[in-house]
2 protein chains.
Amino acid sequence: MKITFNCGVIVKRAKKKAFSDFIAQKGLKSTRQRDIILDFFLSSAQHMSLEELYLKLRAKHPGIGYATVYRTLKLFAESGIAREIQFGDGQTRYEQVSEGEHHDHLVCTRCGAIAEFENETIEKLQDEVAAAYGFLIETHKLELYGLCAKCRK
Amino acid sequence: MKITFNCGVIVKRAKKKAFSDFIAQKGLKSTRQRDIILDFFLSSAQHMSLEELYLKLRAKHPGIGYATVYRTLKLFAESGIAREIQFGDGQTRYEQVSEGEHHDHLVCTRCGAIAEFENETIEKLQDEVAAAYGFLIETHKLELYGLCAKCRK
DNA sequence: GTTTATGCAAAATATTTGCACCAGA
DNA sequence: TCTGGTGCAAATATTTTGCATAAAC
């Protein structure tokens, strides 16, 4: 049994630290926009599309451009604090990545609700499959599509 | 141990039958283009993108339009003989669906090679996860990304 | 003859880039 | 000051649609 204890504030701080380290190490600059976007991203719902993020951000910070949000999210992904995901609806979404943790998704095809889950046994089996094919796994993606409990009624 | 015995010609014939039944049942028309595209699709490599399919098809049958291929592949998916897949490279790909069979993918991030696999235990575990969340699964997608045996060397 | 399909071109989406100006180090 | 960042608009890339003509039924 795995016990995870996440204090929101601490996790957020750790990610900010991780990103600023990344920025420094790459010789990039810390800017007002990046701070705003990072703060907003870390405080937002998971799995927002770039579009959604931009619009919500824009409501509070009118001066920010789409390209900046776009490039900044790419940076987040590159730095390892975020990940791009595609649910096949033609929109790239972003989710936060927590150190050493990986989760997969249940996507409701009716209401769009997204639940996250983790299953170590499945991960192990994936490794076995990969080994059988001589593959070296870097990442994986597992998504279950269907009706959520609410929409089944 | 599951033994699968597929005779290419028979499978192909079965899919053509399935598609023509679908066409008939929907009150649509059987056309020269649909026949050509279907035949080509069933004889081609798996996981081709729409673009690839169109270009290769076009080489032999210059008169065929992109929109026709696009709409026809959608029809294949709707009829159940094909499935759309996204590997996150911004291109929609299509693969053949064989009755009662489901497979997942190993995608090489270096050379783009795609291997297919099937693992009943993983599927069972997925059902358990879904049940725990009250989800009713319709489909799922499992992709393992990494280096294939060749590219590891 | 009707109805649906096709092919083209245009529209709609989404993502990415060029560039003049701005800001952080 | 120098280097990288920002915002805008334009360029790409891809998917989708409108419509006149052609082909099935």
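In case you wondered, yes, glycine gets a Cβ from its N, Cα and C as well.
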Based on TrEMBL, name the residue from B:Glu95, B:Glu123, B:Glu128 that is recorded for the same Fe cation site as B:His102, B:Asp104, B:His140. B:Glu123
For B:Cys148 (Zn(2+) binding site), what is the secondary structure by DSSP, using just helix, strand and coil? coil
For the binding-site residues listed (B:His102, B:His140), most other Cβ atoms within 10 Å of the Cβ sits at B:His140
Could you state the whole-number distance in Å separating the C-alpha atoms of B:Asp104 (Fe cation binding site) and B:Cys148 (Zn(2+) binding site)? 15
B:His140 (Fe cation binding site) - helix vs strand vs coil (DSSP): strand
